[in-house]
Amino acid sequence: MSSYKVSLLKPLFPSLFMMSFFMALASAGNFYQDFDITWGDHRAQILNGGQLLTLTLDKASGSGFQSKNEYLFGRIDMQIKLVPGNSAGTVTAYYLSSQGPTHDEIDFEFLGNLSGDPYTLHTNVFSQGKGNREQQFHLWFDPTKAFHTYSIVWNKQRIIFLVDNIPIRVFNNLESSAGVPFPKSQPMRIYSSLWNADDWATRGGLVKTDWTQAPFTASYRNFKANACVWSAGKSSCDSKNSAGFEDATWQDQGLDAAGRNRLRWVQQKFMVYNYCGDLKRFPQGLPAECKSSRFL
């Protein structure tokens, strides 16, 4: 599928002024410098001088890590190779989140499956503590055979989920037009974890984790953040003395015609669930963002 790995995005309002106004440091991945292992003991390891991180799940425990920095807007890229073979019951989560009961969150979750069956990529957006905005996809490749890039573009206008730079989902900022809260004021850390969720992850919990296949391992590399770092109550984007972004196009990123075509291709051929089409779930009416012509 290398023919699809092309640049599909362009700034809607390119401006040298905007690029110079919003400034921050771009970090290009060393896991020792950028992340802390938060749980799982020896099951999470940083290898190859900080260039590779692995998470492992066994019957006793999973494992996880989080970013040292908090971010308020930016583009986050991570290459991940998922658990191979019979991964049923396992979940590999990779997401941005703030803390507290009214937290914001932007989710990738990879739901394992039996050997030969596709992973389910589960996406969600929480704003002011409210989620229930799930879209799910089957990928057009085997995500266990090689590393693939999973990206979040988060700016003041929209959130774009991308796989190998192909947009799969857009959540627009409809706060002023439709009253839908949008993540815009709570800094978020990057989190990832590998854990057992066989009560729900695979076919609604019908397929349980086969512990004879343990340990299960997911691998990470090539983390990159072109983003506004939040520290001591201030954003690095407000600093006139910051060194600037390596690539500032995310600040007003949207989809060009090619990007919209790719998005339709993914959603028509690979989407397996969309909350905006689930009338039984919302008998009182679909959420407000589902009714907007700007929702994708």
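Counting begins at 1 with the first residue displayed.
Note that Cβ sites are derived from N, Cα and C of the backbone, with glycine treated the same way.
Per TrEMBL, the features are:
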SIGNAL    1-28  signal peptide
DOMAIN    25-220  domain 'GH16'
ACT_SITE  E105  active site, nucleophile
ACT_SITE  E109  active site, proton donor
CARBOHYD  N113  N-linked glycosylation site
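A map of TrEMBL features onto the structure.
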residue	record	Cβ contacts under 8 Å, 6 or more apart
E105	active site, nucleophile	Y95, L96, S97, S98, N124, V125, F126, G131, P183, M188
E109	active site, proton donor	V91, T92, A93, Y94, Y95, L121, H122, T123, N124
N113	N-linked glycosylation site	S87, A88, Y119, T120, T202, V207
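Summarising model confidence by region, the domain 'GH16' (25-220) averages a pLDDT of 94.
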